[in-house]
Amino acid sequence: MAKDQLQVLNALDVAKTQLYHFTAIVIAGMGFFTDAYDLFCISLVTKLLGRIYYFHEGAPKPGILPSGISAAVNGVAFIGTLSGQLFFGWLGDKLGRKKVYGMTLMLMVICSIACGLSFGKTANGVIATLCFFRFWLGFGIGGDYPLSATIMSEYANKKTRGAFIAAVFAMQGFGILAGGIVALIVSAGFKNAYPAPTYSAHGKDSTPPEADYVWRIIVMIGALPALLTYYWRMKMPETARYTALVAKNTVKAAADMSKVLNVEIEEDKATVEKIEENGNSFGLFSKEFLRRHGLHLLGTTSTWFLLDIAFYSQNLFQKDIFSKIGWIPPPETMNALDEVFRIARAQTLIALCSTVPGYWFTVAFIDKMGRFAIQLMGSFFMTVFMFALAIPYDHWTKKENRIGFVIMYSLTFFFANFGPNATTFVVPAEIFPARLRSTCHGISAAAGKAGAIVGAFGFLYAAQSTDPKKVDAGYPTGIGVKNALIVLGCVNFLGMLSTLLVPESKGKSLEEMSKENEGEEENYGTETKGENAQTVPV
């Protein structure tokens, strides 16, 4: 138990796992289900958008999105997410977690539907409308990151807190999987209802007019899970840690948690007064914050930034990589709906076999192995498998070796999710003071989305062939897939090194990790090494 801890917070820390824990996981997790669905489903339909809106009569290949437009469609939601993480992270500390939580969800619901209703007289007009609503969709999604993580960390007990926060994040895997399954069902249904020839046989006829409904339906379905959880989000009480430590209303915090835990909680007035007298109140831009948490914030931001460069590059452009190794046939040999079906099938298999299991391995082991060990291990194996793909890349492009490529590629996803993709979400929700927790998580997550933007825009160009004859229309020559994968391997290695800045929070209360109740004059530098300090001397 942390020094002079409030009874209500201690009650939460030692509470047995019970129904309200799982209720909180589902309520917060469905937001992440929607987040992942909305952010990743666009990669399933970008080739279809190109066929519908950028078809050129007589061209040897189907239409594709021009380079700048493709980058915008893929990247604009990330820019919105980054903005939302910073804004709602800050707002969650100012107004409270609960008050802001409903705003983010309604924004996600409204904008998911609006994306599917994108309109315009020209192709560019439709895409511009889509990008506008995807920005605001991302803005709402961004708010869900710091708020969901903070709420779950502040509700959880210290013994299984890591598993609970990771379980919320693991719903992202189901969101990615659901995006693929929905795309499979919708494209298969339309493909059977509206048969079409291949592009090489009949050009424009390979994209039936009804294909315009396919991408809209896929995009709009993302609103349903969020809409279903709105009522329950509004019924959740404010977290006790915000009410007691930030709003300074220990009586209300005790009353709220008495109902949740079904136990009587009474605060000792002397303890409350002592905490209020001895507690710290430094701000985000103070020297005291820099001294206590500066390296922690550097660690959480740098690891998340580097991870997302690689993670989102792989996720958003796996369809292009699979095409280049021949796992998905050339586009001219398929019709539009068949192409959506095959891309969705490939991404669903990857999600089912590696992405989803990786998340839940983290849930199972995070409170046994610890955050640091999982993050270091995951970063190490991501580096190993990425170089194993990149260096003998020509070997993997041969037809007889394609299955091996897919297996190796899947393993990089597995160790991303049984590794830094999960732990970078968990740790910032545990190591900062309550009054700055949501803000610092938002800053860390925004650094991650900055990495995603680098990946989404950079990899799109970098992976283009070095041979001008093999470059996609409208793109400059790049460094090729092989060299792009080598760069991602180097990024993973840097992520492994930056993990050394992240402290271990396994088995400790949030107040113990953040030194919430220690005065600003106390000697912060005398803490013991090991689990109570940095994972390594820095």
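The backbone N, Cα and C atoms fix where each Cβ goes, glycine too.
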Original post:
Based on Swiss-Prot, do Tyr20 and Lys98 face the same side of the membrane?
Top reply: yes
**OP:** Output the single range from 71-91, 123-143, 293-313, 443-463 maximising the number of Cβ pairs under 8 Å to the transmembrane segment (484-504).
**Re:** 293-313
Subject >> Intrachain neighbours beyond the topological domain 'Cytoplasmic' (144-164), with Cβ under 8 angstroms and 6 or more residues off its ends >> reply: 12-17, 20-21, 24-25, 28-29, 31-32, 35, 81, 85, 88-89, 92, 97, 100-101, 104-105, 108, 236, 239-242, 363-364, 366-367, 371, 425-426, 428-430, 434, 437-439, 441-442, 445, 505-510
